[in-house]
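Working notes, structure below.
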Ligand SMILES: Nc1ncnc2c1ncn2[C@@H]1O[C@H](COP(=O)(O)OP(=O)(O)OP(=O)(O)O)[C@@H](O)[C@H]1O
């Protein structure tokens with residue numbers, strides 16, 4: 001059984017959908033009943049609509065159900081073009097996709113700008129508006145009676161018969177799903193998942209949150225428009241009854257049941273929902289109840305829907321057959337890295353980084369009456385580790401958030417290599433070469449360790465959308481470089497053997513190291529590490545310390561926010577101590593260690609050498625090169 005599975009897994013993954021497409025194209029040769037071909041056509045049209053929902057909701061995390069309105073835009077555009085004498089199918093499909101894209105952009109901009117539930121509300125009302133808009137232009141659209149003046153479709157001047165229509169629908173669906181798969185597997189697809197996990201994370205790797213959201217929402221509209229144009233030409237009739245809230249709920253149920261974070265989940269979900277639609281008129285009566293049940297089954301019982309169940313099954317079989325996780329050699333080959341070097345245990349060269357000095361001058365920030373930062377100044381030099389320490393609530397994370405542009409400053413300036421960055425948006429600051437890790441690691445679910453690191457390279461060395469869709473030479477070259485670079489930094493932090501593993505399933509220590517790798521892969525000028533050692537065991541802290549030294553030696557300016565005082569003493573070139581939002585002391589590790597105020601305020605050590613709290617250190621941690629201290633300051 002496992003041998004058979006291994007043989008199956010040797011077949012390239014694209015071969016399975018290709019076989020499915022060939023079977024669908026061959027179906028008419030077997031002279032199936034009309035009901036079956038009709039079912040396939042309607043399922044594929046619904047799958048086009050649902051695939052758009054998978055992009056905007058499943059991948060990009062934008063809760064919106066406006067797909068029915070975009071479907072309507074595509075159908076009416078095709079219908080009106082046909083009624084006006086433009087019977088060419090290609091023109092109608094392209095125009096239908098474009099009309100849906102316009103509807104997506106026009107409704108997406110206000111919905112996304114307002115944030116929160118606005119997009120869900122806007123798209124909900126958009127669907128409710130469809131019959132009214134159709135009635136408003138009754139003369140052209142036929143109002144609630146429907147548009148019945150369409151001409152027979154043509155393709156390259158030839159009439160397209162109802163039988164030919166079957167092939168047109170299959171071919172459009174096959175092309176779209178190939179495009180969808182390529183987009184999802186590209187950097188742009190991973191960007192959607194990063195955004196879904198956290199807009200803060202997305203902007204910290206240089207993504208414009210608004211633009212990425214809008215792109216996801218707008219791209220999701222296009223296949224719905226294609227579907228609409230195909231539906232109109234299938235029956236040569238367009239009625240507003242096909243684009244109701246009922247239909248929108250059905251599409252949502254199909255997306256969740258099939259697996260919204262999946263390409264082929266749209267096909268699974270649509271085939272189930274369409275099958276039920278076709279079964280009986282009593283289904284139509286109770287459809288909302290069925291859709292609700294599908295939503296519950298897909299969302300609660302089957303995590304990740306049908307596609308999620310299949311994915312888990314495949315992963316288990318791969319694991320049992322020894323095909324997963326992949327060996328370092330296989331991983332290196334996939335990454336385009338030097339196979340000979342893999343597994344040799346040698347060190348990884350970190351290429352020199354063009355570090356930049358970060359300078360903070362007179363920075364203040366208040367939250368209401370709470371003055372979180374008061375006139376703070378510090379300078380972090382390239383090729384040096386500058387530690388920022390202080391008790392809880394002293395303002396360390398606030399300072400990092402101001403540097404990264406997540407908070408607006410009250411007063412003061414922030415510069416990198418002399419250029420002001422205060423006032424810039426977070427993604428622009430990230431693009432200027434500031435990278436960071438988070439106190440609680442932000443790792444998107446469902447993404448491999450390798451892809452998580454690659455997401456850090458979002459702004460470097462880009463291949464455009466079209467290149468990604470067509471998998472052109474530029475895309476493949478960038479992809480090879482991305483994976484090879486990800487592999488290198490993973491070796492640096494000791495996680496290369498986990499290349500293929502789902503990142504979100506790693507334990508805390510490895511997720512922290514993974515965040516360091518993701519930040520490092522962009523070769524940042526300035527690296528901000530927010531409590532990167534917290535929750536790590538002794539061996540992991542040692543690895544982290546060695547990695548930080550190598551990043552520093554490569555030329556990066558490292559800012560280390562840390563409660564592990566021993567680690568700080570062993571790594572820092574300069575230490576800045578914050579207390580109650582102001583700089584309490586600044587100096588070399590020796591100066592800080594000897595500073596009475598620091599010992600008193602931060603370490604809680606009273607002058608006769610006893611700790612004032614049970615867990616405060618009584619002696620200075622040792623500072624051997626490479627040694628990692630055992631105690632934390634709190
Ligand atoms: N978004 C916010 N809204 C309101 N108050 C905030 C916000 N962020 C931080 N603060 C307040 O600012 C002060 C400084 O908090 P900050 O998180 O920067 O401290 P910290 O030194 O990083 O603490 P810790 O070591 O616990 O992470 C605290 O009083 C905190 O409550």
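Even glycines carry a Cβ here, placed using N, Cα and C.
Record features, source TrEMBL:
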type	residues	note
TRANSMEM	12-30	transmembrane segment
TRANSMEM	42-69	transmembrane segment
TRANSMEM	89-109	transmembrane segment
TRANSMEM	116-134	transmembrane segment
TRANSMEM	165-184	transmembrane segment
TRANSMEM	214-232	transmembrane segment
TRANSMEM	252-275	transmembrane segment
TRANSMEM	287-310	transmembrane segment
DOMAIN	358-605	domain 'ABC transporter'
REGION	609-634	region 'Disordered'
COMPBIAS	621-634	compositional bias 'Basic and acidic residues'
Recorded stretch that, among 89-109, 165-184, 214-232, 252-275, 287-310, has the most CB pairs under 8 Å to the transmembrane segment (42-69):
252-275
Under a criterion of three or more Cβ pairs within a distance under 8 Å and sequence separation of at least 6, are the transmembrane segment (165-184) and the transmembrane segment (214-232) in contact?
yes
Which sequence-distant residues neighbour the transmembrane segment (252-275)? Criterion: at least 6 residues beyond either end, Cβ under 8 Å.
17, 39, 42-44, 46-47, 50-51, 53-54, 57-59, 65, 177, 180-181, 184, 193, 290-292, 294-295, 297-299, 302, 304-308, 311, 446
I'm checking region-level scores; what's the whole-number mean pLDDT for the domain 'ABC transporter' (358-605)?
91
